[in-house]
Amino acid sequence: MKYDRILIRYGELSTKGRNRKHFITHLKRNIREVLKDFKNIHIQGGHDRMYILLNGEDSDPIMEKLTSVFGIQSFSLAVRTERNIQDIQRVGLSLVEQIFESGKTFKVSTRRGDKSFEYDTNDINHAVGGHILQNIENIKVDVKNPDINLLVDVRPDAIYLSCEVIQGAGGLPVGSSGKAMLMLSGGIDSPVAGYLTMKRGVQIEAVHFQSPPFTSERAKQKTIDLAKKISAFSGYVKMHFVPFTKIQETIHKHIPEGYSMTATRRMMLRITDEIRRKNDGLAIVTGESLGQVASQTLESMIAINDVTATPILRPLISMDKLEIIDIAKKIDTFDISSLPYEDCCTIFTPPSPKTRPKLSKIQYYESDIDFDTLIEEAVNNVETIIVSSEDPIKSEQFSDLL
Ligand code: ATP
Ligand code: MG
């Protein structure tokens, strides 16, 4: 007996009542996106469950991809049978035989999603368990801690059998909570912030500031590689590269040294907000963590945040660096982030930026300079690409997604 499908369980989203349809639509679209290379599969959407019909495709690489799709609580390889006890016995026995080794224990766990079926949970457990005991030598029942747990899922249309439950990524389907712009540096923190935001169902577009010739192509490639990693959670990520040299040079020349960091952040935020507006985003995400560096004090946040009323999500705000690093390792961005290429901010960073900048002062320092024109110019010269887990694709080639 060969597994013919993967059964997907939703978890949190099944508790979401009226938003349910919306979530399922997003989940299905995201699953389709990450599995687009598997041409033969068919996704069957359900109110309570989703099934991926394998149609002969190898299940291992598919399951590997599914582990990074948010909104999936767990999944299992499964076989569909007709709604009669003989079929359940036959298929159940075959599935257990495939993984049985002498001395192993088992149990049957039935779930009746459809109470109209003629047998109740206990009847099924006994009938199927008894059949397995009769036909496999040396197998024992252990209801507390079995080696093999045969799951029997009774549904209105059929019965689904599976043996192993694989943990999914949890969270909510990416896109179901709207879209936000992630300020993505080459550092450790911002990719983690992006990942955590995606986990709560937000679709991410990345914005990266570069200052050539002070920053190199390699630094840019580094952020593309980071975006590729987090695109595993959504299928693809749109990236915007902002030419920032002129603004940084202007700040360097005209803003007092202690305030240049504050001014830089304010300009980055204004530009990101403009890109957000143009792309219908609802929020901005950063990798800030309270107290980590000079620009991440509450006083700095007052001075920087002043340029916009757009919600700024800071999922790392209360995390320690070590906690952030743990997640970065888990999502496989840590090694890329640790590469030494220069970032546009570090190059112009003064030796001692103000940790308690005053809003009135930075507003005064900026008032003499025509930043509006510089910002407009930067926004007009943004380069946009789409990256997916494969190679980056130029926006022209992918116009239907833009
Ligand atoms: P990270 O590890 O994410 O770089 P960090 O601890 O180095 O964070 P900062 O360099 O102060 O902290 O950056 C704070 C946040 O500002 C970053 O998490 C990121 O969201 C944003 N940011 C910094 N530099 C850039 C950049 N070049 N392009 C886009 N966003 C940036
Ligand atoms: Mg940084």
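Yeah, the Cβs are placed from backbone N, Cα and C, and that goes for glycine too.
Automatic prediction, not curation, is the source of TrEMBL annotations.
Quick look at what TrEMBL lists:
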- 60-165: domain 'THUMP' (DOMAIN)
- Met183, Leu184, His208, Phe209, Arg265, Gly287, Gln296: ATP binding site (BINDING)
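Overlay of TrEMBL annotations on the structure.
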residue: Met183; record: ATP binding site; DSSP (3 states): strand
residue: His208; record: ATP binding site; DSSP (3 states): strand
residue: Arg265; record: ATP binding site; DSSP (3 states): helix
residue: Gly287; record: ATP binding site; DSSP (3 states): coil
residue: Gln296; record: ATP binding site; DSSP (3 states): helix
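Only Met183, His208, Phe209, of the binding-site residues Met183, His208, Phe209, Arg265, place a Cβ under 6 Å from an atom of ligand 1. Residues distinguished by a CB atom under 6 angstroms from ligand 2 are absent from the binding-site residues Met183, Leu184, His208, Phe209, Gly287, Gln296. Long-range neighbours of His208 (ATP binding site) (same chain, six or more residues apart, CB within less than 8 Å of its CB): Met183, Leu184, Ser185, Lys220, Thr223, Met239, His240, Phe241, Val242. Looking only at other Cβ atoms within 10 Å, the busiest spot among the binding-site residues Met183, Leu184 turns out to be Leu184. Residue environment of Arg265 (ATP binding site) contains 25 other Cβ atoms, counted within 10 Å of its Cβ in all protein chains. Remark: Gly287 (ATP binding site) has Met183, Ser185, Gly187, Ile188, Asp189, Ser190, Pro191, Val192, Ala193, Arg314, Leu316 as non-local neighbours, by Cβ distance under 8 Å and separation of at least 6 in sequence. Note on the domain 'THUMP' (60-165): mean pLDDT across this stretch is 94.
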